[in-house]
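**Q** The structure follows.
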Amino acid sequence: LLRRARNMEDYGRFLALLASALLVGFVSVVFSLVWVFQYREGLSWDGGLREFNWHPVLVITGFVFIQGIAIIVYRLPWTWKCSKLLMKFIHAGLNTIAMILAIVSMVAVFDYHNARNIPNMYSLHSWIGLTAVIFYSLQLFLGFAVFLLPFAPVPLRAALMPIHVYSGLIIFATVIATALMGITEKLIFSLKDPAYSALPPEATFVNCLGLLLVIFGALILWMASRSHWKRPPEKNAKVLQPIGETPEGTEAESTMADGSNADKSDLRINSEAARKQNLKFDEAGQRSTM
């Protein structure tokens, strides 16, 4: 009973953090829209200032909010009964949407700069932003090739999984930092009378937007870094598990039917097949590092 009570308490804590993150992320998107419509003339695609305004809106919506949801989608307890493959598709789909919005936001900036004869790629914000987009693209491609398609061997997946997780969190944190640099740079360039240093209403509003982004990022990173909130290993994941690999890291899928519907001979056959599979991995020297 005590363990169950602790689990319920932990579950409630997770739901509170999740609700807070979703609320803060959604409010951040709303703030970005209020900023461009209230203070920056709105949105358009005409090569002018209103086209540039797509940049902060799409970055905050896709590269920050949607990417954050993609990071924690595996941690949602009510999805643990869903197949791992389905969750992979959802994770990849959300990241793909975020990637598309990030690319469109960059196109808007380059189009605006070229129409106004403004130099491209001269600021630290632009350098780090482009780097984040490039590495995010590589992360997405490798995620598809290694973890979604069924061709990569299990030991390779197990070896790359920690790198995939770590690089995803680093990219997300970098995007948050780059967004903060970008909105500050925009305020410095745009606010002249009164200047940014005088803290006019727009500056105060956008500074609050920056605080929301920091809070959202902190909540997502906290939830993603808690090991006790990981998706639990599937019950049948151990059957074809390579020697030395933990259930968390395995990507192998068992073909054994539910025990309640299988007789003892079927279980013995499956156990023997699993033993031979493990011996095969052992002889090849392919041991998981996870």
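Glycine too: its Cβ is placed from the backbone N, Cα and C atoms.
Quick paste of what TrEMBL says about this protein:
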TRANSMEM  12-37  transmembrane segment
DOMAIN    20-225  domain 'Cytochrome b561'
TRANSMEM  57-77  transmembrane segment
TRANSMEM  89-110  transmembrane segment
TRANSMEM  130-151  transmembrane segment
TRANSMEM  163-183  transmembrane segment
TRANSMEM  203-224  transmembrane segment
REGION    233-290  region 'Disordered'
COMPBIAS  261-290  compositional bias 'Basic and acidic residues'
**Q** What stretch, picked from 57-77, 130-151, 163-183, has the most CB pairs under 8 A with the transmembrane segment (12-37)?
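**A** By Cβ pairs under 8 Å, 57-77 leads among 57-77, 130-151, 163-183.
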**Q** Check the transmembrane segment (163-183) against the transmembrane segment (89-110) for contact, please; criterion is three or more CB pairs under 8 Å, pairs 6 or more apart in sequence.
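**A** They do not touch: fewer than three Cβ pairs between the two stretches lie under 8 Å.
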**Q** With Cβ-Cβ distances below 8 Å as the criterion, list the same-chain residues six or more beyond the ends of the transmembrane segment (57-77) that contact it, or say none.
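**A** Residues 11, 14, 18, 21-22, 25-26, 28-29, 32-33, 36, 43, 87, 90-91, 94-95, 97-102, 104-105, 108, 132, 136, 168-169, 172, 175-176, 179, 182, 209, 213, 216-217, 220, 223-224, 229-231.
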**Q** Would you report the average pLDDT that the model assigns to the domain 'Cytochrome b561' (20-225)?
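**A** 95, rounded to a whole number.
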